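J.: Got these off TrEMBL a minute ago, pasting:
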{"type": "COMPBIAS", "residues": "1-19", "note": "compositional bias 'Gly residues'"}
{"type": "REGION", "residues": "1-48", "note": "region 'Disordered'"}
{"type": "COMPBIAS", "residues": "35-48", "note": "compositional bias 'Low complexity'"}
{"type": "TRANSMEM", "residues": "252-274", "note": "transmembrane segment"}
{"type": "TRANSMEM", "residues": "280-303", "note": "transmembrane segment"}
{"type": "TRANSMEM", "residues": "365-386", "note": "transmembrane segment"}
{"type": "TRANSMEM", "residues": "392-412", "note": "transmembrane segment"}
{"type": "REGION", "residues": "467-500", "note": "region 'Disordered'"}
{"type": "REGION", "residues": "528-559", "note": "region 'Disordered'"}
Amino acid sequence: MTSGGGRYGSLGGRGGGGGDDVDAEAQTSPLIDGVSSAAPAAAPSPVSSASPWSKLVFGWFGPLLQTGSSKGKLDPDDLESLPLPDDCRTEDVTAAFDERWEEERARARDAAAAAGKDDKSGEEEASLPRAIFRAYGGDFVRAGVLKLMHDMVIFVGPQVLNGLIHYIRNPDAPLSTGLGLTAAVTASQLAMSLCLRHYFFKCYLVGLRVRTAVVTAVYRKALVLSASERQTRTTGEVVNLVSVDAQRLQDLVTYLHAVWYSFVQIGLAIYFLWQQLGPSCLGGVAVIVVMFPITKAVARWLGRLQKKLMKAKDERVDLNNEILGSMKVVKLQAWEESFRDRLLQLRETELAEMMRYKVASSVNVMLWSAVPLMVALATFASYTLAGNDLDVASALTALALFDILRFPLFMLPTIVQRMVEASISIKRVRDFLLAEEHRPVGPPRHGMDGADAGVWIGGDASFVYEGRKPKLDTGDDDKDGKGGKKKKKKNQKGRRETLALKKELRDTKWDVALLKSRLADAEGKIRDLAGKGDDEGDGWGQYGPVPLNDKVEDGAGEA
């Protein structure tokens, strides 16, 4: 390439002084052929444009399966043809969550204002699960309806099995009865398959949206955290939020319906067992009831272990990122062994906590895996001890019902464990999203000029730096503020000014040593020149060095 061609005439024009002769088209054409800054138009989703039959049997997924079959495997380039609904685009998913989350924060602030609390404590009541449900709850509820239909149809099988056994044992039964039973079991299996597949498809889509929204929200929040929050939030915490906590929320959403459908399946199974075995099924019910307090105790144990594990993981990831970020210094100072030993020590701590957590999880799974066997044993033992004869039809029907019981009895402790894990993740994500942000620097308010905007310091005031949070000790008050309003009582005004300066110092990256040297002998008050003088509104300060933001008067000179 040369710089003298027509395409690059603007570059050559600067050297020759012939800027007026530059072709306008050359200034706007791309430097590299075939590269455009405009985003390509999104092709319509094959899911949205598919026919009703294709949506019912997932026929729209066929082209991607054919691609994988012809190539032997799917490559990352094939993801462009991955069929997803139109509302699964990242911008749509994040926009829906952002809107509902802001509404939830506003609702919490309004409730706090009505109760006489400040906005900060009010926002702590904002519910992240409620915002997620309002954003993506439509498909989640529809998936629940499909699961309810599946659970109603699943009990057709044991009843048809009982009818088939009686039909086989009765030689005088008409052929139409057998054909009807066969058609019923075939139709029920087809309905079960369709309802269950569409249920999982919708649940996985909702889980994918939740994970996308949480990851995007965490990354955006990490870019606008205030200086004080960045001191308390580690890189390892952010990494775990997007890699561990977001994944746990996705996994919870996928199986969250198990909270109610487990009880539906257990209740219906016990009802049909009562019809087959009578009161003897109460022996199995007793086993299930005994297991609930055990599950609650194990869930609390898992919750405590989960908190310790996440804390150890955060420390290990944070140190690992710190070492990688300062690798040049570590190499120059020959600190490899020292940091290696420290990292391995944190890793051993994490592995120990993980071992305790896995042991607790294994105990939980082992207990509930044995529950179906104990339920069947208790039921059949009660039925036999009551003096009843167990015939083939009753035995096979009861075994089919016990087989249905196996899944909800397994899923119930599993979903409880996932809810415990997700509750910790929800709290971690919510606390991070509610962390303090940098206040955006905008134009001065109330018609003030930019030169007059900033923080004014004058009068009697002494500044004390203690720890990370600066403290302000105010002195006497002036009579009038810049906004023209009379000042209130001395103690109330001093408290407002203290809080205002704390917020200014916390939200602005000021060098504490420089500020101390410039304001050590300063005496005065803090005023928000861009606000309403002595009003209680938030202050305004530019993000920059102290000389650009403050004015010191009354004998202290100008900073």
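Glycine is no exception: its Cβ is also placed from the backbone N, Cα and C atoms.
Each of the listed features needs to be described in terms of its position in the shown structure.
T.: Same-chain neighbours of the transmembrane segment (252-274): 140, 143-144, 147-148, 151, 154-155, 158-159, 199-200, 203-204, 206-207, 210, 281, 284-285, 288, 379, 397-398, 401-402, 404-405, 407-409, 411-412, 414-415, 418-419, 421-422, counting only residues six or more beyond its ends whose CB sits under 8 Å from a CB of the stretch.
Sequence-distant contacts of the transmembrane segment (365-386), counting only residues of its own chain at least 6 positions beyond either end whose CB sits under 8 Å from a CB of the stretch, comprise 273, 277-284, 286-288, 291, 294-295, 298, 398-399, 402-403, 405-406, 409-410, 412-414.
Sequence-distant contacts of the transmembrane segment (392-412) (same chain, at least 6 residues past either end, Cβ-Cβ under 8 Å): 154-155, 157-159, 161-162, 165-166, 169, 255, 258, 261-263, 265-266, 269, 272-273, 276-277, 288, 295, 368-369, 371-372, 375-376, 379-380.
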